[in-house]
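S.K.: Quick one: structure below, then a few questions.
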Amino acid sequence: MTTLAITGGQVLHPDITVSRADVLIDQDSGEILEIGADLAGDADETLDASDSLVTPGFANGHSHVAMTLLRGVADDKPLDAWLQEDIWPVEAELTAEDIRVGTELGILEMIKSGTTAFSDMYFEVDEIAAVVEEAGVRAVLGHTAITVGKDDDGAHADLEQSLEVAIDLDGAADGRISTTFQPHSLTTVGGEYLEEYVPKAREAGLPIHFHANETEHEVSPIVDEHGVRPLEYAVEKGLLESEDFIAHGVHVDETEIELLAETGASVIHCPASNMKLASGMAPVQQLRDAGVTVGLGTDGAASNNDLSMLDEARDAAMIGKLAADDASAVPADAVAEMMTQGSADAMGLESGRLEAGAPADLAVIDLETPHLTPRHDLVSHLAYAAAAADVKHTICDGQVLMRDREVLTLDAQAVRERAQETAESLLSRANSA
Ligand SMILES: N[C@@H](CCSC[C@H]1O[C@@H](n2cnc3c(=O)[nH]cnc32)[C@H](O)[C@@H]1O)C(=O)O
Ligand SMILES: [Zn+2]
């Protein structure tokens with residue numbers, strides 16, 4: 001057994017309290033062996049966490065990681081116009097190689113900001129999986145299917161691919177990759193296709209991840225056509241089992257909140273994207289009060305525009321208060337829980353809690369900086385004041401992915417250079433198309 005001790009830190013425990021403790025990790029199994037006092041002596045290797053906060057690695061519950069290449073190409077528009085006029089035309093030019101390069105950039109950014117797991121919706125998923133394998137993070141992947149604007153053959157092919165990719169890649173990268181079936185949303189995949197494919201996904205034992213109730217424009221067509229709210233429609237189509245999770249859930253009414261609580265399906269809250277696209281304010285406090293599992297996600301870098309879960313945490317607390325018109329809503333400890341356990345639970349992962357037997361997925365945040373001084377309350381600092389650049393070490397599955405801000409599994413400079421060149425060439429192709 002090879003062991004790693006993370007020593008001298010302040011540890012964020014599963015009950016969202018913080019105390020001084022070392023963390024001892026079995027690097028062979030990738031699990032936490034023990035959390036307690038003075039564990040350094042037992043370890044083969046140590047990682048210094050003095051004057052630092054040791055937290056579970058952050059779990060980004062909803063992303064389109066390769067969209068880092070589209071960061072800043074189209075800002076300041078609402079969802080429909082942004083997707084149809086700007087994003088989809090550029091995405092039409094994306095090659096498999098582009099997606100690999102964009103994924104490298106996104107995962108580099110995630111490791112640098114303490115994220116050890118992400119749940120992704122995109123295409124060319126083999127490329128994404130290859131980067132996950134190389135970079136050492138954990139991921140819940142899938143191929144996103146859209147049927148609007150496609151003929152019946154094209155629609156079937158996309159949905160078949162979503163099933164096949166999820167079945168093939170499940171368990172890849174030594175088990176660090178799991179998968180979901182992914183109809184893009186309730187308005188971009190036709191009801192007859194949901195009826196055909198949701199049972200197939202169930203048969204294959206796949207959780208389902210989709211966008212839902214993101215904007216008003218996604219609610220009214222369903223209410224007009226079917227006479228029920230989108231999440232009632234989702235249940236009619238076999239969606240919203242307990243292992244399923246929706247991205248956004250901004251415009252959900254009380255009936256839908258109740259439905260989420262009853263079914264056990266989870267919501268990934270994406271506050272930055274919701275603010276930037278002016279989609280609306282999700283009722284996060286109400287969802288939590290009803291007992292719904294709520295995680296946090298960044299969405300793609302084109303609607304955020306970064307992948308830092310620490311930014312997302314602060315945004316979630318801020319907009320949660322505005323939405324509830326109550327400063328006590330979505331407090332710091334709720335946010336700390338959402339960015340770790342909430343997302344991990346929604347994604348079906350065992351990570352998100354630092355305790356013996358749990359996956360050794362951790363982030364170490366350097367507290368020796370003016371904006372994290374004084375240290376009255378480290379949960380408050382995690383939710384409100386810490387930033388991506390404060391993350392000092394990132395560990396996933398017992399392996400050190402970043403030590404003292406140096407990423408060990410990816411060549412940061414080469415990744416950035418490739419991303420710059422690839423994005424330039426992509427945009428010039430899109431502009432001349
Ligand atoms: N197979 C599909 C690709 C879908 S990938 C997932 C899609 O979600 C899009 N996307 C990114 N952010 C959002 C969002 O907030 N809401 C809805 N879609 C989004 C993203 O641009 C990408 O096109 C096709 O044939 O076009
Ligand atoms: Zn999305």
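Positions of Cβ are set from backbone N, Cα and C atoms, glycine also.
TrEMBL labels come from automatic prediction, so no person has curated them.
TrEMBL lists these features:
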- His62, His64, His211, Asp299: Zn(2+) binding site (BINDING)
- Glu91, His184, Glu214, Asp299: substrate binding site (BINDING)
- 53-400: domain 'Amidohydrolase-related' (DOMAIN)
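Could you tell me the structural context for the features on the list?
M.R.: Of all Cβ atoms in the protein chains displayed, 25 besides its own lie within 10 Å of the Cβ of His211 (Zn(2+) binding site). Under the DSSP three-state reduction, His211 (Zn(2+) binding site) is assigned to strand.
Mapped onto three states, the DSSP output places Glu91 (substrate binding site) in helix.
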S.K.: In which DSSP state, out of helix, strand and coil, do we find His62 (Zn(2+) binding site)?
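M.R.: Going by the DSSP assignment, His62 (Zn(2+) binding site) falls within a strand, counted as strand.
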S.K.: Near ligand 2, meaning Cβ under 6 Å from any of its atoms: which of the binding-site residues Glu91, His184, Glu214 fit that description?
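M.R.: Qualifying residues: none.
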S.K.: Long-range same-chain neighbours of Glu91 (substrate binding site), Cβ under 8 Å, sequence gap at least 6?
M.R.: Leu70
S.K.: Need this for a regression test: binding-site residues His62, His64, His211, Asp299, filtered to those with Cα within 10 Å of His184 (substrate binding site). What's left?
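M.R.: Correct set: His211.
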